[in-house]
Structure formats: C-alpha cells, structure tokens
Ligand SMILES: C[S@@+](CC[C@H](N)C(=O)[O-])C[C@H]1O[C@@H](n2cnc3c(N)ncnc32)[C@H](O)[C@@H]1O
C-alpha cells in the first residue's frame, strides 16, 4: 500500500468482516478466485491457520494484521499473484521460494514430474544422472531429487536470477549436496550424458504474450515465456541436443504447451528419439511428452 492510500481493512474489523471486504475488493479488480485468495492472504497476514479462522471468525483482526492485509490486498488487486506476494509456492510435496524475475512454477508442471517418475519407477534407488534445462525456480529438479534419493542433478538456466533461486531452493529442500547449477544456454556447456533430461522451456508464441493474464504478463519474465514465432523454437534447440547428452536407452521429457504435443513428437522423431509416453494435465491437455534414445 502506498503512503496515504485508504486501507482496505482496519484493525477493529472482525476476521470474517476482513475476509468479506478483501474478497469484494479483489473481485472488483477482476481477480478470478477472489474469496480463496482473500482467505490465503488473511491467514498469512494474521499468522493463523484455517482452523483458528473457522473457530474464531468474530475475533478482531488487530492493527498489525490489518496493515499487512491491506498491503497484500492492494498488491493482489494490482494483479500480483498470491505466490509472489507471499514469496512461496507449494509444488509437488515441497514449499519453494518464489522470486522476482523467475517463473512462478505451475501445478501443470507436476505432470512432467509424475511422468518422469513413472518411467523411472523400477530404478528409484539407482544413482541416476538428471539434467533440468531451464530450471527457473528449480521446481522440477527439486521434486525429482526428493523422490530419487540416490540421483544427482544438474540444473541449467540462462538467467542469473533463476540460477540463484534454483540454488536456494535446492538448499531449502536439502538437496544442494546432490546437485550443481550451471548458468548457460540450454545444453551448450554440457559435455556428458544423462539418464534423464527434462525441460519445461518457454513455449508461448511471441505474438500471444501481450494477451496473457496480467498475473503472467506483468510478473513472469519474458525469457521464461517467449517460445518464438511458432512457440517451438526452444524445443527445436533442446530436442536437437538430446542425441549428444542422453545415455543410450535414456529419456528426454519436455512439458508441452496446449496443442503442441504433435509438433513435439515430430521434433523427437527427427532427433532419433521415439516417443514412449505422454501425460495429460488436470485440464485434459497433453502436457508432458517423453521419448527414449535408442540403446
Ligand atoms: C517456462 S520456464 C520453466 C522454469 C521451471 N523449470 C519450471 O518449470 O517452473 C523456462 C526457463 O528457461 C530459461 N531459459 C530461457 N531461455 C534459455 C536458454 N537459452 N538457455 C537456458 N535457459 C533458458 C528461463 O530463464 C526459464 O527459467
């Protein structure tokens, strides 16, 4: 909240009253899940859990919580995502840090983690070598390392902010000793082969970026979104490198934008990898495509 702005709630109002006031304000600003977001922000500002809110809705919010909640609500009304306001995001089974200039990881990306783990199901306790190209917050590599206790991970990103956040999240999850972070362009700096190479590259067509929701357009970095004229430029580069960086019989997996899975199959075939599985996200889109390099 900027100095002099009228606070959205004051300390004398009840928790339930504050919830209503914030939900109304967010709804009038075009926030889709206004009540859900208002509740998340209220719980964080008041430092209470959901049970306490249900049991004591009439308790006064208090001055400190009201100031904090007003500031949070003003930011959310300006279409900043809740995860960025609270600087944290639940992904897989993990609580990850979120930071400016780095993509806020999405639930859809858990489809890629799920498919990777199902294809490695008989090998969970092997010392697998994993490579995450375009690691962003480190969401994918952190999730994989949390499920594959003997694996070693390498994370690559071109963005210094993303490399720093990947490193911070690896440390927060207790995996820093089993991972390295490399700043570089896709696989350019990679000189060895991996059992699994995974990537969620930028895949939005350049011309579509201006039409994205403000939460994405104003807060996720263009470097994490822009997939070039047809949205497939990064896939071409990443998939084109797999023959050099995947072990024979190893796997390459990518997240697919809606409607891109067929084009990705063609790119895998052109690089000498056969698609072995795809997986759909909760919305029914083919979201993850997995291919194997001939043994
Ligand atoms: C869609 S985001 C994915 C981030 C994270 N893996 C996730 O799933 O939440 C794509 C990532 O690729 C990175 N990136 C873009 N171009 C790159 C390049 N040429 N080389 C390496 N990383 C790149 C961006 O900085 C961004 O972190």
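Cβ coordinates are placed from backbone N, Cα and C, and glycine is handled just like the others.
Annotations in TrEMBL come from automatic prediction, not curation.
Annotated features, as they stand in TrEMBL:
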type	residues	note
BINDING	134, 135, 136, 137, 138, 157, 186, 200	S-adenosyl-L-methionine binding site
BINDING	200, 201, 202, 203	substrate binding site
DOMAIN	18-86	domain 'Release factor glutamine methyltransferase N-terminal'
DOMAIN	129-206	domain 'Methyltransferase small'
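Recorded features from TrEMBL, shown on the structure.
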residue : record                               : Cβ neighbours (10 Å)
134     : S-adenosyl-L-methionine binding site : 24
135     : S-adenosyl-L-methionine binding site : 32
136     : S-adenosyl-L-methionine binding site : 29
137     : S-adenosyl-L-methionine binding site : 25
138     : S-adenosyl-L-methionine binding site : 34
157     : S-adenosyl-L-methionine binding site : 28
186     : S-adenosyl-L-methionine binding site : 19
200     : S-adenosyl-L-methionine binding site : 29
201     : substrate binding site               : 22
202     : substrate binding site               : 22
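Neighbour count (other Cβ atoms within 10 Å of the Cβ, all protein chains): 22 for residue 203 (substrate binding site). A Cβ distance below 6 Å to any atom of ligand 1 is met, among the binding-site residues 138, 157, 186, 200, 203, by 157, 186, 200. For the pair formed by residue 203 (substrate binding site) and residue 134 (S-adenosyl-L-methionine binding site), distance between Cα atoms is given as 12 Å, rounded to the nearest Å. The shortest Cα-Cα distance between residue 202 (substrate binding site) and any of the binding-site residues 134, 135, 137, 138 is the one to 134. Under DSSP, residue 138 (S-adenosyl-L-methionine binding site) is assigned to coil, being neither helix nor strand in the three-state scheme. Residue 157 (S-adenosyl-L-methionine binding site) carries a strand DSSP state (E or B).
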